[in-house]
Amino acid sequence: MSLRFVIGRAGSGKSTLCLHEVQEELKQRPRGETILYLVPEQMTFQTQQALIGSEDVRGSIRAQVFSFSRLAWKVLQEVGGASRLHIDEAGVHMLLRKIVESRKDGLSVFQKAAEQNGFFEHLGSMIAEFKRYNVTPSNVYEMWQQLDAHSSSAEQKLLANKVYDLQLLYDDFERALIGKYLDSEDYLQLLVEKLPQSEYVKGAEIYIDGFHSFSPQELEIVRQLMICGARVTITLTIDEKTLAQPVNELDLFYETTLTYEKIKQVAREEKIEIEKTIPLMEQPRFHSPALAHLEAHYEARPNEKFNGEASVTIHTAANLRAEVEGVAREIRRLVAEENYRYRDVAVLLRNGESYYDVMRTLFTDYNIPHFIDEKRPMSHHPLVECIRSALEIISGNWRYDAVFRCVKTELLYPLDVRKETMREEMDEFENYCLAYGVQGKRWTSEDPWMYRRYRSLDDTNGMITDSEREMEEKINRLRDVVRTPVIRMQKRLKRAGTVMQMCEAVYLFLEELDVPKKLEALRIRAEESGDFLFATDHEQVWEEVMNLLDTFVEMLGEEKMSLSMFTDVMSTGLEALQFANIPPSLDQVLIANIDRSRLSNVKATFVIGVNEGVIPAAPMDEGMLSDEERDVLSAAGIELAPTTRQTLLEEQFVMYQMVTRATEKLYISCPLADEEGKTLLASSFIKKIKRMFPDVKDTFITNDVNDLSRSEQISFVATPEVTLSYVMQQLQTWKRYGFEGNLDFWWDVYNFYVTSDEWKQKSSRVLSSLFYRNRAQKLSTAVSRDLYGDKIKGSVSRMELFNRCAYAHFAQHGLSLRERDIFKLDAPDIGELFHAALKRIADRLLRENRTWADLSIKECEHLSTVVIEEIAPLLQRQILLSSNRHFYLKQKLQQIIFRTSIILREHAKSSGFVPVDLEVPFGMGGTGSLPPMEFSLPNGVKMEVVGRIDRVDKAEDENGTFLRIIDYKSSSKALDLTEVYYGLALQMLTYLDVVTSNAHTWMKKGHAASPAGVLYFHIHNPIVEVKGDASEAEIEKEILKKFKMKGLVLGDADVVRLMDNKLSTGSSDIISAGLKKDGSFSARSSIASEQEFNVLQKYVHHTFENIGKDITEGVIDIAPYKKGNKAACTFCNFKSVCQFDESLEDNQFRTLKDMKDSEAMEKIREEVGGE
């Protein structure tokens, strides 16, 4: 029994020496004593290849490469102890979830924390750490007793409570495993116990290579290996000079030196012979003087400079994508020009979550075979999502999001249906569920679902149309597709008495859905498209889910469990599932994490993402215990994993390992922005490399080829898939700025695409975008007639929409596009309710021959309650009755109508104007409807402007009859004459024109009427600020001011006083007008003369005629207006249709100039030739 160390700096040949010794031994004695070669898990594959990679050694039974866990399997198979079932990470998380749920009421700290994402991953890691560091539940309990006895501060009490929770959960976990199961850490403890019984290990020659440190548990394994084996050889990355000095935590080799001392101490304790250490002083790895210099002087202070041409390259990239593309181009160049194999190249990085998806996509585009040494979670696979969402449907009372997450896995679809058709039908079905707010018992009820198009509150027609009947049948058919398998599982789960029966319900759910056949179809499709990685995913996921169910049954099969706990435990297990890495092929680029990789002897290494806070890593407190808490435990004798501070000290060694992997070339790069455009800073580590290699230039990587030289641009000619976008970029530049003669090779590339049989069709579609203009072609007369007919009937809102954006009008009224209806209360619904409520109150007053002024406060409250109760069942499929939240909202809306009724009562008391009618239709046909506003357009098309007027008021005096329009709004609004001029605010003036033009036939007395004005009434329940001692009357007066109506009124003092009979001088509290002492109007009054009202009405007619002419002539320009901070696109539903983009030459806003009312009025006069 002896111990031998082989030490040396990185690249000194430690592993090579050991491998050569093993190979020589195998050549000389192929059947001798066992040779064990122990390496970290991630090194096993490459070490196995290296061991049998020589011509003399093509295979071996005598020598085997193991990791600690694989050696445990081997030994336990030999001597026994492996009869207990293995529990993987998913099983551990499930068991912990069950333990936490059962212990929840007794936990001090983790009761709420258990609901946070990642909690069980952290808890599992903490327990694994306890085991690796030989900390038992009793050790943790003793620690809690010490802490609890001496806790005085809040921090100390928190730690004591945390340790208490940990010991409870750890103890329960260990008790659950005893005699039944083994987790990954248990295998190592069993290995320690069983090694003395192993004949396989006894007398073996043992090599331990690639480790820098050992946990206490691993150190015990090393102890037993030294006792059982003939000789143990351990390699450590240490400079021999370090061993001659006192150990300093700032030393580059501090961690490995500590490991060296710990192992020697174990050898002394076991009286193991310690052979003379073999120090390796040369640098055989490095074929590059620059890389040899980097390794030899890495830790030197100040930095030793290397002058001359270096094989070290530094890149700064515009963004993360440009960085990865730069790496891909250089890898292809190395393979094409320097005879590299892909296996000669490695990419090292730390923040893989930011890079892996981009690298998979781009390396595939560049045809670079690659292997990412990182396990991927299964959580996004359709099968895992189907199980998780189906269980959430049942436990969460059929919520919309869970139902349609399950639907979109497409595993609920019948096996024999055409997926494309089913997807379209399910999209329609989802729209129905959103529009009708379907959830809860409606899914499980046997009552058929009804389908009716929601039209308005006034639509009381109960007849169902044929199209509605067809849609109803389709919806009920699709409902059964979705609910039948889930309800079947729901019933089985409710009947289940044990966990085994619950797992059986899940299994039957999957079998009845024909999931194995569906996954097989997905696998075949992936293989046919050449995506072999995803093909194997579909195989793996079924196997892993079945293993998970088996583990669940094995662990908890006979226990009883609530449905909610079962769902939580199952979801926890599903979250932990991971795809196994397929071993890399013989010729692939290896992409690996800096912290976990154990590469050796690759020719070129690319270290990417070298940004501040990433390399070196910023300190982060993660897991169950903070650094301070770990220090407290350490001081009390419980050794755990290194703290953040210790990890940061080790960062220098990690970075040293990172830059000493390559034999010929080292590339270091960082992006200046991430995928979202957020700024990133270069790491200080790059500055260090620049100081060591002052002649190395930091080159900038960009994907804009126009900024690069000819030779640099040529490197962008890679695969046809990738190069096509750069050809487009060049052609776009030449089109805009002209051709540069020295870049003619791009024409050769272009000619390849247009002449290649394979690429001609694909490239033509892309290249055609070069001449793309986002313009909507004018419709032909025939198409326009087909869309709009020979007679156009439209509302004022439709005409205003055309002036806001002609294309939006075309999308809504030509193509009849609509946003999907969602079961929610929007502003239009609230506005409709307000209108209907006030009309019902007004109609009741008219029937009773009363006015608003006759109402008492109590009657206002009563009537507002009555009408809201009448309307609520009719609004938006009874949305106000659908939930407690909406019921509360109904009460708030009733309060607003109550407040509005009070204000209308006050207005009526102060006004000579009385309502003539509400919701007055024009051009709608039927009794009581006024005629439409009619136009005969130059092209022969007839156009009618129709609508419904909120309220018409009338007043009479010796000068005649006056009419005014009141429009109810749920938000504050005023009449802007600039918007009238641009055709954006035509509604009120149109209404006024309709009622005054038809007064002689409409009014009962049959005589003409003059315009008195147009006013907006803001329906709301305002909050006012008053002094603390303000009386109720003062408060009511302030509230009344908040309801001042804005608009435009006739500039006649008598008419204004009819609107507010309390007004003598000053500003009115009711309308936006005021009088001076001399009887003239104040400057802030919104007034117009009768002649100006006539001009405005003429202008409205003129504008409508122009709009009608443009509509019928096929104008659909993508030309939205912009006026100040208002723009047509702000609330437009059709932005995704028109693709308006200001960066395109053709897409610019129609900027409308803001004007004073007087200036706008003058322009309006000019347009119609008014005086």
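FYI, residue positions are counted from 1 along the chain as it appears here.
Here the Cβ of each residue, glycine as well, is placed from N, Cα and C on the backbone.
In Swiss-Prot this protein carries:
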BINDING   Gly8, Arg9, Ala10, Gly11, Ser12, Gly13, Lys14, Ser15  ATP binding site
BINDING   Cys805, Cys1129, Cys1132, Cys1138  [4Fe-4S] cluster binding site
DOMAIN    1-343  domain 'UvrD-like helicase ATP-binding'
DOMAIN    281-587  domain 'UvrD-like helicase C-terminal'
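Structural mapping of features recorded in Swiss-Prot.
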| residue | record | DSSP class |
| --- | --- | --- |
| Gly8 | ATP binding site | strand |
| Gly13 | ATP binding site | coil |
| Cys805 | [4Fe-4S] cluster binding site | coil |
| Cys1129 | [4Fe-4S] cluster binding site | coil |
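The two recorded residues Ala10 (ATP binding site) and Cys805 ([4Fe-4S] cluster binding site) have their Cα atoms spaced 69 Å from each other. The Cβ neighbour count for Gly8 (ATP binding site), using a 10 Å radius over every protein chain in view, is 21. When pLDDT is averaged over the domain 'UvrD-like helicase ATP-binding' (1-343), the result is 90. Cβ environment of Gly11 (ATP binding site): Gln283, Pro284, Arg285, Phe286, Ala292, Glu295, Thr660 lie under 8 Å away, each six or more residues apart in the same chain. The separation of Cys1129 ([4Fe-4S] cluster binding site) from Arg9 (ATP binding site), Cα to Cα, is 64 Å. The [4Fe-4S] cluster site, placed at the center of the C-beta atoms of Cys805, Cys1129, Cys1132, Cys1138, has further neighbours from the same chain whose C-beta lies within 8 angstroms: Arg804, Tyr807, Ala808, Ile1118, Pro1120, Ala1128, Phe1134, Lys1135, Phe1140. Each residue contributes its Cα atom, and for Cys1132 ([4Fe-4S] cluster binding site) and Gly8 (ATP binding site) those atoms are 69 Å apart.
Around the Cβ of Ser15 (ATP binding site), 22 further Cβ atoms fall within 10 Å across all displayed protein chains. Counting other Cβ atoms within 10 Å of each Cβ, the binding-site residues Ala10, Cys1129, Cys1132 show the lowest value at Cys1129. Look at the binding-site residues Cys805, Cys1138 and count other Cβ atoms within 10 Å of each Cβ; Cys1138 has the fewest.
Listed in sequence order, Leu280, Glu282, Pro284, Arg285 are the same-chain residues at least 6 apart in sequence whose CB falls under 8 Å from the CB of Gly13 (ATP binding site).
Lys14 (ATP binding site) sits 66 Å from Cys1138 ([4Fe-4S] cluster binding site), taking the CA atoms of both as reference points. Summary of the ATP site environment: with the site residues Gly8, Arg9, Ala10, Gly11, Ser12, Gly13, Lys14, Ser15 set aside, the chain residues having Cβ atoms within 8 Å of the Cβ mean position are Thr16, Thr237, Leu280, Gln283, Pro284, Arg285.
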